[in-house]
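Structure first, commentary second.
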Amino acid sequence: MSSQIDHLLNETRRFSPPEEFAAQANATAELYDQARADREGFWAEQARALHWHTPFTQVLDWSNPPFAQWFADGELNVAYNCLDRHVEAGNGDRVALLWEGEPDGDSRAVTYAELTEEVKRLANVLLGLGVEPGDRIAIYMPMIPEAIAAMLASARIGAIHSVIFGGFSADSLRSRIDDAGAKIVITADGGYRKGRVSPLKPAVDMALADRNGSGPQESVEHVLVVKRTGNEVPWREDRDLWWHDVVPQASADHEAQPFPAENPLFILYTSGTTGKPKGILHTSGGYLTQAAFTNRVAHDIHPETDVFWCTADIGWVTGHTYVTYGPLANGATQVLYEGTPDTPHPGRWWEIIEKYGVTILYTAPTAIRSFMKLGRAIPKQFDLSSLRLLGSVGEPINPEAWMWYRKIIGGKTAPIIDTWWQTETGAMMVSALPGVTETKPGSAQVPLPGISVDVVDDDGVHVGNGNGGLLVIKEPWPSMLRGIWGDPERFKETYWEKFEKQGFYFAGDGARLDDDGDVWFLGRVDDVMNVSGHRLSTTEIESALVGNDAVAEAAVVGASDETTGQAVVAFVIIKESYLHEHSPEGLAGTLRAWVGEMIGPIARPRDVYIVGELPKTRSGKIMRRLLRDVAEGREVGDTTTLADTAVMSVISAQVK
Ligand code: PRX
């Protein structure tokens with residue numbers, strides 16, 4: 001980490017906003033002044049860009065911290081804002097989704113009028129199945145237009161969706177369905193990934209069945225299934241429904257009803273520092289306000305002319321805010337791609353950009369680094385001249401990747417915004433404003449207008465320019481999480497206890513302020529890893545590992561990785577009896593696959609080291625810092641607090 005920081009400190013390149021871009025930009029420098037002069041008034045003005053069935057008279061209620069309420073006496077319908085109002089404004093023929101399936105030639109354009117109609121029909125189907133406001137709907141789908149329709153239909157009837165990434169295993173799906181008490185699951189037979197059918201419905205069946213003695217799942221009454229891949233799926237007549245049997249037949253008359261601004265919109269599970277994922281809860285009015293605002297000023301969306309492409313899966317928060325809610329609230333046209341970047345060929349993304357004339361690309365540093373590795377010759381085969389703005393999200397972007405992105409993808413002219421935020425923040429918090437901010441490769445730079453952040457020491461004291469510390473958010477913001485589903489105590493403990501006195505939100509990220517006061521993010525300071533921009537908990541993977549019969553103890557660390565940012569590295573102690581019967585290589589392979597099965601392929605460790613002991617303090621706490629040194633091939637740091645100081649040399653020898 002320290003060499004990384006030194007490297008960042010030497011980064012002095014600056015890029016001023018191109019004049020042509022600035023002349024047409026939605027953002028202006030005045031936004032900062034307006035927000036500074038009257039923060040709540042500023043957010044109220046942004047909220048008024050939405051359609052309110054009942055206008056709000058209150059802006060922020062922070063009388064019961066950390067439970068905020070925004071625009072609480074106002075009423076709106078989130079789906080109406082993303083759909084009907086564009087149709088009513090005469091834009092029904094505008095394309096909402098330019099959908100591209102993974103198999104070549106499989107594409108479909110869906111207009112705002114068509115998407116609105118589909119959502120109305122689906123809303124009627126869900127109402128017919130007895131879904132009521134506040135009920136939970138689990139969504140486990142590939143990247144197809146029906147997935148977006150499912151989220152919006154849930155929002156339309158005041159239900160709460162919980163999207164579960166299609167790469168998660170049956171076990172992960174089960175625990176999330178159970179925790180939320182979902183009444184309906186919406187899924188597909190499968191989706192296409194890496195040139196193959198990746199089945200989804202069979203995982204739903206497994207998740208709902210009696211597994212590992214847990215008993216059959218009880219809350220789910222119906223499973224609605226889109227036929228996408230045509231693979232054979234198990235079927236239960238009393239529970240399962242084909243989408244094509246019920247949605248096209250349903251009435252397309254459905255008038256969107258108003259719901260209070262604080263009506264829950266969705267739960268999204270994310271990894272924390274314990275083994276149990278947290279159900280992050282977001283509500284309606286404040287969330288949609290900040291999603292739409294940031295998409296307008298940071299992504300600079302011009303709905304009449306832009307073709308926006310956010311490459312995130314809807315299973316992550318980026319897919320919620322910048323695929324479904326932000327761009328659709330703004331009436332934008334966007335690309336939705338089902339597959340992986342390298343299928344059927346490594347230039348697939350660039351081909352899609354050329355085909356649709358994508359103007360704004362929003363993606364993750366991991367993707368950029370993998371393209372960098374493949375070389376510039378691949379993107380150079382395509383016409384990328386339509387791109388006018390590039391965005392990055394999910395992890396720190398190193399200056400080399402930033403420069404490559406600018407030169408090779410952005411034709412040396414498109415501004416780059418590095419946007420910092422979290423599942424918990426709901427929308428962007430720190431980012432340059434294109435056309436306004438002079439950009440710096442590697443820095444997320446400045447809080448957005450209306451957002452107040454700082455970098456502080458352990459006591460909550462501002463560190464001052466030139467110094468590093470912890471990132472905090474000082475004032476409530478509209479799209480902030482409203483809690484952890486079913487666990488208000490954990491919500492307080494995780495985010496608010498550390499700086500209780502100051503009332504700051506603790507993000508869990510290390511950061512540094514440069515001489516201009518700009519923010520440079522340095523990664524997580526807790527036991528959360530960031531692998532390819534996906535959040536994983538060390539503890540969750542450790543619990544999965546010790547759940548295997550062969551494992552006596554396990555410790556997991558996130559080690560730096562050139563492509564994925566961090567990689568999962570596991571150190572495991574194997575039970576004696578297994579050591580005799582199996583080779584270490586065989587065991588390592590089995591355990592990698594096991595974690596993939598228990599959590600999902602994204603959590604599969606890059607390396608599994610079989611060791612005889614783990615480094616522990618006298619109180620029994622595993623010293624992950626030392627294991628990280630080993631995993632990254634560094635000299636092992638200070639071992640004086642270890643109960644047995646010799647243990648690290650033994651481990652280092654075993655790992656080599
Ligand atoms: O560590 C930060 C990193 O990703 C974490 C949030 O992960 P998640 O909730 O999955 O949301 C990711 C997409 C919004 C943060 O705590 N992170 C996200 N964006 C950046 C970042 N780190 C550095 N720079 C960023 N731009």
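Heads up, the Cβ atoms here are built off N, Cα and C, so glycines get one too.
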Review point. Same ATP site as Gly394, Glu395, Pro396, Asp418, Thr419, Trp420, Trp421, Gln422, Thr423, Asp509, Arg535 according to TrEMBL: which of Arg388, Arg406, Arg524?
Key: Arg524
**Study point:** For Lys621 (N6-acetyllysine): DSSP state (helix, strand, coil)
**Key:** coil
Check your understanding: Which of the listed binding-site residues (Val546, Val551) has the least company, meaning the fewest other Cβ atoms within 10 Å of its Cβ?
Key -> Val546
Practice item. Taking Cα atoms as reference points, rank the binding-site residues Arg193, Arg196, Gly394, Pro396, Val546 by distance from Lys621 (N6-acetyllysine) and give the first. Key: Val546
Review point. Between Arg193 (CoA binding site) and Val551 (Mg(2+) binding site), how far is it from one CA atom to the other, in Å?
Key: 32
Point to revise | Between Thr419 (ATP binding site) and Lys194 (CoA binding site), the C-alpha gap once rounded to whole angstrom | key: 28
**Study point:** Alpha-carbon spacing, Gly394 (ATP binding site) to Val551 (Mg(2+) binding site), which is rounded to whole Å
**Key:** 32
Study note, to complete from the structure: In DSSP terms, the domain 'Acetyl-coenzyme A synthetase N-terminal' (29-82) comprises 22 helix, 7 strand, 25 coil
